[in-house]
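Below is one structure, written out as structure tokens, with a few remarks after it.
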């Protein structure tokens, strides 16, 4: 028997609990949903590469289909959903003001859709011009601009659909319903994979721009937008089950909502600078046929440890850091700094070996995911080189994200913005130099190096700036770094030896799969063993985090 849908005027409050069990459950749901979305995202870009291959059409589709997501989450309101919109709705929920909660959601949606009405036409008009100015004079790119023009006209509505999805997810988060909003992006990925399976069956794979029939162009362009529409519909339905009917209202007339946006201006600028870097990377790679496809495969692997390690550590540290800073009489500056250093050390403890693993296993990973029309040795080399160079920026990314949460805990959004501006400047200058100086074979690793160096510059700058602001040094998180680097080097050497043996025993793609599996498991075991021999405190912290009982008030230490 189906549960009745609640009336829009009576949203259901989260059920009260006597214990903190829901905290662990909620964290697990979000983590599982994030992992599922990331893994299906990797599968999605691998399938796109297998079907489209290293072609101009592949570049055109990836650029046109990636921009709507970047426009919403980077330049519009995506960064506001978790930081400001959810707490605002929770306040109305706790105060038993269901009408006000629904009005906030509707006005926020109306405000974002108003921005979409401006951004989407600009996207349609400007993207082809930007691509035309950067794609070079290679005859292979002659069809790039017409393809981008046609595809972006079909994908631009995704910006509005992401606005609906983001607002619906915020409503569910406020009601402590995490499973659907966390897993809905994975459904979008699965739908798009199905669209590409149909395209491969009907039209074949690896078609160049002039060979692509209009019907295939329509299938992929409209099919990708339909996948986002399924995602948005799921989030809208989830909000409806919470009693909120998401219909846009005139948000720009609400002084309170405008005040929220004003308070978030630094966060919006920071997200915009990050999105601008991604746009620059993808547009630069349009100069190489299939460059955008291969680069996005590497980017998806790069963001796996970010999503599964860095983000949970940073978000998990935020409440504790805020409590230590804003605790009134119980505020503890020393405790705040120690908690921050501990979070940084834990992030680096896990990210540095991940970097080493990517460098050692990049070739095998490229062989595993470079399938179909993307199975040439040149394609594998491009993916491997890009991933190996990109992964060097993971340390900077981890430093920046954890330090940003520490700054936000102190209501400081200026320092992260300044550091992101530095990162963007370094990255964009590097991309320009790569485009001007690198040949086609070296462009992907050169562009990846620009991004990695930018991440290292931004992360180091923010961490040292926070240390100066807190009148502390960086020794707290620098001291264990030699040990982590040494253990990672030992692990990399061991994995390299094992993978060579495994590759010789079983050559080909099956051997590459074996290398990745054996190398990954052996690497984790060797790294843990070497750290245990050195009595690394981070291992004890991880064990403590797993075993620690949840406190009775529903919060974890």
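Even glycines carry a Cβ here, placed using N, Cα and C.
Please treat TrEMBL annotations as automatic predictions, because they have not gone through curation.
Note on TrEMBL: of 70-87, 88-105, the range annotated with the feature transmembrane segment is 70-87.
When the ranges 25-44, 45-64, 245-264 are checked against TrEMBL, the one recorded as transmembrane segment is 45-64. Between the transmembrane segment (297-318) and the listed ranges 108-127, 268-285, 346-370, 420-437, 443-463, the one holding the most Cβ pairs under 8 Å is 346-370. Fewer than three CB pairs closer than 8 A are found between the transmembrane segment (443-463) and the transmembrane segment (484-503), and contact between the two stretches is not assigned (pairs 6 or more residues apart).
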